[in-house]
Amino acid sequence: MEYNNQTSTDFFLSGLFPPSRTGLFFFILIVLIFQMALFGNLSMIILILVDTHLHTPMYFLLSQLSLVDLNFISTIVPKMAIDYLFGNKTISFIWCGVQSFFFLTLAGGEGLLLASMAYDRYVAICFPLHYPIHMSKRICALMITGCWIMSSINSCAHTAYVLNISYCRSRTINHFFCDVPAMLTLACMDTWVYEYTVFVSTTLFLVFPFIGIVCSYGRVLFAIYHMRSAEGRKKAYSTCSTHLTVVTFYYAPFAYTYLRPRSFRSPTEDKVLAVFYTILTPMLNPIIYSLRNKEVIGALRRVIQRICSVKM
């Protein structure tokens, strides 16, 4: 259904699923993924908090990644679920801006956090003797603070712009959340200058961090190849492959979506790709990091044993 109420300042989200049996199936699937993501990320945060063996920069960064993913999926899925269940796809002008702000903040923050985690592994593997100096708790805290501040400033700038432009066409956003590029198609002014700033922001928060990650892991793989210890090589390869899997799932669809000109973009394709970095990645991250990390599994066993001993 197309909405064209010019007197209202509200927006209307087209949603992700059609009102059919197929749509209901995918809706139930998304709700299950949402619950898995909440449980997985919350469990990772609590596990890293309560187990002293995980009080290291690497796991401190991982806890922040889980915090970002927890908020990321919570910003998108609940509203989408309510819209589907009750059929009311209206979102107020202000709440659309709030959702856009949190989405951009968390998206930029995750990109910078993944780059910080790559730097952490680079220092740990290539300069193990200098690791306590280059990745102290203070430096780790500064890196995390910098990620949040930079992404928040970037988000404020973009949100302020989209809230202050005129919308004179249909107020139906062809997406399942308030995505800035989708909102720009409704503007009654030429936005090519602003679209260039979106390209610049994407380059700063996605392309440059990705280049940094690739360079870091290039050096890491070179160092691993020259390791004498087979056990050390196996552990390093496991850590690197885990991180690279997460990076690929996050950066590839995000960059492909935001670096293309508007003329090459398809609303349906954008929505499908958005599912990867807004819903699937927050669910997969804790699974990948927990199942492929012996230290996390060991910490989980210790916590379970501690709980069982208290009950007995």
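Cβ from N, Cα, C; glycine included.
Predicted, not measured: the structure shown is a model, and the values here were computed from it.
The feature domain 'G-protein coupled receptors family 1 profile' is assigned by TrEMBL to 40-289. Mean pLDDT for the domain 'G-protein coupled receptors family 1 profile' (40-289) in this predicted model: 87.
Taken from TrEMBL, the feature transmembrane segment covers 24-50 (among others).
Within the chain, the transmembrane segment (57-77) has long-range Cβ neighbours (under 8 A, six or more residues past its boundaries) at 30-31, 34, 37-38, 40-42, 44-45, 48-49, 99, 102-103, 106-107, 109-110, 113-114, 116-117, 120-121, 124, 135-137, 139-140, 143-144, 147, 176-177, 278-279, 281-283, 285-286, 289, 295. The feature transmembrane segment is assigned by TrEMBL to 57-77 (among others).
Sequence annotations record features per position, and here TrEMBL assigns transmembrane segment to 97-119 (among others).
Taken from TrEMBL, the feature transmembrane segment covers 139-161 (among others). Below 8 angstroms of C-beta separation, residues 57, 60-61, 64, 97, 100-102, 104-109, 111-113, 116, 119-120, 180, 194, 197-198, 201, 204-205 of the same chain, each at least six residues beyond the ends of the transmembrane segment (139-161), sit close to that stretch.
According to TrEMBL, the transmembrane segment annotation covers 199-224 (among others).
For 236-252 (among others), the entry in TrEMBL reads transmembrane segment. Residues 110-111, 114, 117-118, 121, 125, 206, 210, 213, 217, 220-221, 223-224, 227, 276-277, 280-281, 284-285, 288-289, 292-293 of the same chain sit 6 or more residues outside the transmembrane segment (236-252) yet have a Cβ under 8 Å from a Cβ within it.
Per TrEMBL, transmembrane segment is recorded for 272-291 (among others).
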Worksheet, complete the sentence: Here the stretch out of 97-119, 199-224, 272-291 with the most C-beta pairs under 8 Å to the transmembrane segment (24-50) is 272-291
Worksheet item: Taking a Cβ cut-off under 8 Å, which residues six or more beyond the ends of the transmembrane segment (199-224) line up next to it in the same chain?
Response: 107-108, 111-112, 114-115, 118-119, 121-122, 125-126, 150-151, 154, 158, 233, 236-237, 240, 243-244, 247, 251, 254-255, 258-259
